[in-house]
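Enquirer: Supplied in structure tokens, the structure appears directly below.
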Amino acid sequence: MPTSFPELDLENFEYDDSAEACYLGDIVAFGTIFLSIFYSLVFTFGLVGNLLVVLALTNSRKSKSITDIYLLNLALSDLLFVATLPFWTHYLISHEGLHNAMCKLTTAFFFIGFFGGIFFITVISIDRYLAIVLAANSMNNRTVQHGVTISLGVWAAAILVASPQFMFTKRKDNECLGDYPEVLQEIWPVLRNSEVNILGFVLPLLIMSFCYFRIVRTLFSCKNRKKARAIRLILLVVVVFFLFWTPYNIVIFLETLKFYNFFPSCGMKRDLRWALSVTETVAFSHCCLNPFIYAFAGEKFRRYLRHLYNKCLAVLCGRPVHAGFSTESQRSRQDSILSSLTHYTSEGEGSLLL
């Protein structure tokens, strides 16, 4: 499986320049069993949770905000990422490589979803900065039309940045891995890892840190409770993302150093492979966490889930569902009144999930 970043091969031994064998069979066996179970769980929860987010955003009759556009695309990125996990599970269990076209396509979806999720979380942070810190100057520019245009640009950027990760991927020796030209054999894996560390972690972290530092400073001077509640949700999404991806990026950086023989001993190589397996499980689970964050911190999303549950229960029991719609409409009118009282906080605070 082309995980980030060294490909996950199924070989039981790793050889250094002196042809000394390092046994990794027990780690490979652990990965085959544990990762297969873990991928199945992440796929199930990630699919259901992110589909609920998509339904909540697309089925609402209320007008959308630019924040909703970004949250919708974040959920779609997570769905694209999680959709590849059944194929990697099959690959781990059967030890059979995917068809060449499916190998390249699945790897492409994996990395496009990976970078797309990171980029949209970064864009959401920038949007929060504009909505809170530069509210007066950015109000006219934070429209749904602008959100759609920016989202298309983000998807294009994700495809462009992901292309080095899958352009050389093919089925080789019954495995799905990178088959690089001889001139790129040594440098291309290093460039791939560096791209993930820099564009997928360091640069977004710097941007988000700046945006949220300025946002926190602004919130200290503004006691608008509605605005603080909106920031709590978005900030929670960002913090959880980096808590789950930081260990993996550290291991990827160490894997890059391994190409330059920084870890010559077999024990260090084994520790690094164990760390890769463990941090990978933590990192990949991020794609099913955002819906739970919405349910925990987003009042409107919890309300939508209750409404959906009551509607399904009413259909199963043969009861009418008008009461639920009436209550929802009443609350929507209350939200509209609150929005009119706090209109200066800009359009972004009117997200359907916040």
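For all residues, glycine too, the Cβ spot is worked out from N, Cα and C.
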Enquirer: Checking the topology in Swiss-Prot: do Leu191 and Arg270 fall on a common side of the membrane?
Expert: yes
Enquirer: In Swiss-Prot, Cys176 is listed as disulfide-bonded to which of the following: Cys103, Cys211, Cys222?
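Expert: Of the candidates Cys103, Cys211, Cys222, the one Swiss-Prot pairs with Cys176 is Cys103.
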Enquirer: Based on DSSP, tally up the residues of the topological domain 'Cytoplasmic' (61-70) by helix, strand and coil.
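Expert: Breakdown, helix to coil: 5 helix, 0 strand, 5 coil.
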Enquirer: Using DSSP, how many residues in the topological domain 'Extracellular' (169-196) fall into helix, strand and coil?
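Expert: Residue counts for the topological domain 'Extracellular' (169-196) by secondary structure: 13 helix, 8 strand, 7 coil.
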Enquirer: These are the disulfide-bonded residues: Cys103, Cys176. Which one scores highest on other Cβ atoms within 10 Å?
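Expert: The residue with the densest Cβ neighbourhood is Cys176.
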Enquirer: Establish whether the number of Cβ pairs under 8 Å between the transmembrane segment (33-60) and the transmembrane segment (275-298) reaches at least three, counting only pairs separated by 6 or more residues.
Expert: yes
Enquirer: Applying the under-8 angstroms CB criterion, which one of 105-126, 197-216, 233-257, 275-298 scores highest with the transmembrane segment (71-91)?
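Expert: Per the Cβ count, the answer is 105-126.
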Enquirer: Given the transmembrane segment (197-216), which of the listed stretches 105-126, 233-257, 275-298 has the most Cβ pairs that are under 8 Å apart from it?
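Expert: Answer, by Cβ pair count: 105-126.
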Enquirer: Count the residues of the topological domain 'Extracellular' (258-274) that DSSP assigns to helix (H, G, I), to strand (E, B) and to coil, and report the three numbers in that order.
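Expert: Within the topological domain 'Extracellular' (258-274) the tally stands at 10 helix, 0 strand, 7 coil.
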